[in-house]
Amino acid sequence: MANRETKVGVRERDLLYKFMISHIVSHVLSIVFSQLFYDGHQNLAINLSTAAKVTDACPPSDRLLNLVSNALKSEEADNPSVSGDAIHPGSGIDLDFETERTGSSVQTSQYETVYVTSHKGPCRAGAFSPDGQLVATGSVDASIKILDVERMIAKGCPGSDIQEASGQTDTHPVIRTLYDHMEEVSCVQFHPTELLLVSGSHDMTVKLYDYAKPSVKRALKSIQEAHIVRCLAFHPSGDYLLVGTQHPTLRLYDVNTAQCFVSAIPSDQHSGPITQVNYSPNASLYVTSSKDGDIRLWDGVSNRCINIFPRAHDGYEISSVVFSRNAKYVLSSGKDSLVKLWELSMSRCLIAYTGAGASGKQTHRAQACFNHTEDYVLFPDEKSTSLCCWDSRNAERQQLLSLGHNNAIRQFCHSLTQPAFLTCSDDYRARFWYRRPDNVNLP
């Protein structure tokens, strides 16, 4: 009798465990599928939920993203060796939780030029290093300059804490000048982790420089392309490099071997020259824009195009695309003088920032970007050579800032770490702008 009761008890426990496991698995899968729906992968979510026989409703939700973000923050708090510079999935502008600016970042109208460098030809390329300590500029004269940010600030802000800390009041900000291209330098970007700089040119080459060497002038490595190189983007690991050219086909290069990869599906590609490419901070996605007027979203692992925003700016050429820090949004600008914020989970334009470009269509491409806190959206106006600024959350126009150039601004970028930005112009000059500390006065 006792043996029979024991068998019944074991059978009941087995049924209970199976029910618990089934319920837990179903709940976890529901969270995963909800995240897929939220991120815009509807077809994948439907196919997986059908295969897994999950019958529970899976409404779009970013609960999984929040759980992972909180886990990473908890891990960093428990383990001091985890880098505090890492960008967590939940950081950046998030309109699901906030619609009003809560940060303390200053408006760009309070920025000032603290340093100007000149080339021998129009300056059309520029970039900040990921840590914000260096900038690079490229010119039609085929030269590249690398400048030290602290030295520029020290020169432009006498008596500042940075100058006192460096103790180098007479040190020239230009720390490297590179000559290895034969024609216009069209794009530059710093390696995410190493002291390397990559550049693309109208001479149809991509060149990699090791600027750790003080005497460097020539490239460490060169990749020959078949068309004019228009844009570049390092994978966040630094192991791969996306290259956009005058040809519609996007290239992916292994930085170490220079091996080239392209998508096996011809329909994935643009139908016009590629104007901009940008990786999301976690490398799960990258985005491209083109003269064909489309924005394409790509899977960072399979390198397949997973979404298209056709005629994103009413058919006008797309000038720039950039991810928000949390990779929920893409900020784009077009030759229609509009800046748009796209919500990837719903595949829609969430906000249009208007008021720039009184003359309508632009002649040259102009880049839109966030400031370092993502409280503001910035865009240089071609007609007035002034900087337009909007509250990123409600599109409220802010005060204009005259950029002081005598010709069209061809490159604009903001530091990821501090209130500073760079403008490059056809007047041969690149201007470094900085928000002076309140306790520093002009000489």
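Every residue gets a Cβ built from N, Cα and C, even glycine.
Unlike curated entries, TrEMBL annotations are predicted automatically.
What TrEMBL lists as repeat 'WD' is 116-150 (among others). With a threshold of 8 Å between CB atoms, the same-chain residues lying at least 6 positions outside the repeat 'WD' (116-150) that come near it are 85, 162, 166, 171, 173-179, 181-190, 192, 197, 199, 201, 203, 209, 211, 372, 407, 410-418, 420, 422-432.
Residue counts of the repeat 'WD' (178-219) by helix, strand and coil are 0 helix, 20 strand, 22 coil (DSSP-based). Feature annotation from TrEMBL assigns repeat 'WD' to 178-219 (among others).
Taken from TrEMBL, the feature repeat 'WD' covers 229-263 (among others). Confidence annotation: the repeat 'WD' (229-263) carries a mean pLDDT of 96 in the model.
Taken from TrEMBL, the feature repeat 'WD' applies to 267-299 (among others).
Taken from TrEMBL, the feature repeat 'WD' covers 318-352 (among others).
Here TrEMBL flags 15-38 as transmembrane segment.
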Restricting to the same chain and to residues at least six past its boundaries, which positions have a Cβ under 8 Å from a Cβ of the repeat 'WD' (267-299)?
40, 87, 89, 230-237, 242-250, 305-323, 325, 327, 330, 332, 334, 342, 344, 365, 367
